[in-house]
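> If you scroll down you'll find the structure; I have some questions about it.
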Amino acid sequence: MNIVRKLKKEWFLVGMVLAIALATITPDLGKTGGAIHLDKLTGIGVAIVFFLHGLGLAPSAIKAGLSNWRLHLFIQSATFIFYPLLWVIFGDLFLAYMPAALAFGFCYLFVLPSTVSSSVAMTSVGKGNVPGAIFNASLSSIIGVLITPFLIQLFMGFEGAQLNLMDSVISIAKLLLLPMLVGQLARPLLLAFAEKHKAVVNKVDKYVILLIVYNAFCDSVANGIWHTFSIAMLATTIAVCVAVLMVMIHFFQWGARKSAFGHEDEVAAVFCGTKKTLAAGVPMAAVIFGSDPSLGMILLPIMLYHPIQIFYCAVMANRYAKSAEQDLAVAAK
């Protein structure tokens, strides 16, 4: 029974594994242009997800976060300067010892914006600065529409990646920003309904991600790219993801303390600065890399990094919460 409860609690991670397994069995069903035209369905789903993000983002949270410029600078620098520097430093090493598509997958991971929902959720659990987390995670998503395709062009353009930067920015803006803007405008009409059905709304993005993952891996299997991808390489990918997260999360924790951040700002800085978005990363990859048959392999690092970061950050959030409770208990004496 404990195993069943655990599987129900971690249904999203289980779903990702099942989606990949199903793709190996039924690639023609879920591939782009396949029997159920899943690529078109996921496009609609992504628009719905970011409409709901816009619907849930309170203008007051945006205003409250504007003044804390040190926190903003720290988080955005972590996301768009320090992580991309990993590719500048280690990119040649990745290309030397990995298939090119997998190496580019790590490049893509490093230049992605932060998550929104899980960054805010972990900050809340860790008794951190929730308005600051909401503002920075949302700002990161918006900035990422411009910076992520630019950095991909900068880092991968000379390696044969065919990318029209302006077309990608416009496509991603239509896919992500436009639904968010419409969601903001719809708040007076639909916010109460969304709050009433919050349990369902909070799962929509995960359902859409599962469909996108299934579609991406169906395309990869249908094009036969996994014949060159060994178990050893999969283990190596997991090890690199774990190493990157461990080094970066504790580096930014150290940096936040050296910057004299209080507990609340440190929690927001660590979680928002180290998380990478799967929800926006998958649809952005579909726009940037188009119908590249290697898309599944390119997405593999973020697909592995995502559950690893969720697990470890949940552990850290609980530690932060206990630390905050102990501080309050000491202050009350």
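Every residue gets a Cβ built from N, Cα and C, even glycine.
Any TrEMBL annotation is an automated prediction that lacks curation.
Not my notes, these are from TrEMBL:
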{"type": "TRANSMEM", "residues": "12-29", "note": "transmembrane segment"}
{"type": "TRANSMEM", "residues": "41-59", "note": "transmembrane segment"}
{"type": "TRANSMEM", "residues": "71-90", "note": "transmembrane segment"}
{"type": "TRANSMEM", "residues": "96-121", "note": "transmembrane segment"}
{"type": "TRANSMEM", "residues": "133-156", "note": "transmembrane segment"}
{"type": "TRANSMEM", "residues": "168-186", "note": "transmembrane segment"}
{"type": "TRANSMEM", "residues": "207-226", "note": "transmembrane segment"}
{"type": "TRANSMEM", "residues": "232-255", "note": "transmembrane segment"}
{"type": "TRANSMEM", "residues": "267-289", "note": "transmembrane segment"}
{"type": "TRANSMEM", "residues": "295-315", "note": "transmembrane segment"}
> Does the transmembrane segment (267-289) come close to the transmembrane segment (71-90), meaning at least 3 CB pairs under 8 Å for residues 6 or more apart?
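With 3 or more qualifying Cβ pairs, these stretches touch.
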> Can you see whether the transmembrane segment (12-29) and the transmembrane segment (96-121) are touching - at least 3 CB pairs under 8 angstroms, only pairs 6 or more apart in sequence?
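Contact absent: fewer than 3 Cβ pairs fall under 8 Å.
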> What residues in the same chain, six or more past the boundaries of the transmembrane segment (267-289), come closer than 8 Å to it by Cβ-Cβ distance?
39, 42-43, 46, 49-50, 71, 74-75, 78-79, 83, 108-109, 112-119, 122-123, 126-130, 132-133, 136-137, 140-141, 144, 148-149, 152, 161, 163, 168, 171-172, 175-176, 205, 208-209, 212-213, 216, 245, 248-249, 252-253, 255-256, 261, 295, 298-299, 302-303, 305-306, 309, 313, 316-317, 320
> At a Cβ cut-off of 8 Å, and with pairs 6 or more apart in sequence only, do we get at least 3 pairs between the transmembrane segment (133-156) and the transmembrane segment (41-59), yes or no?
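These two stretches do touch.
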> By a Cβ-Cβ criterion of under 8 Å, what residues six or more beyond either terminus of the transmembrane segment (41-59) are in contact with it?
116-117, 134, 138, 141, 175-177, 179-184, 186-187, 190-191, 194, 201, 204-205, 207-208, 211-212, 215, 279-280, 283
> Report, as numbers and ranges, which residues of the same chain sit near the transmembrane segment (96-121): CB under 8 Å and 6 or more residues beyond its ends.
53, 75, 79-80, 83-84, 86-87, 130, 133-134, 136-138, 140-141, 143-144, 147-148, 151-152, 155-156, 159, 161, 202, 205, 225, 228-229, 233, 236-237, 240, 271-273, 275-281, 284-285, 288, 294, 297-302, 305, 309-310, 313
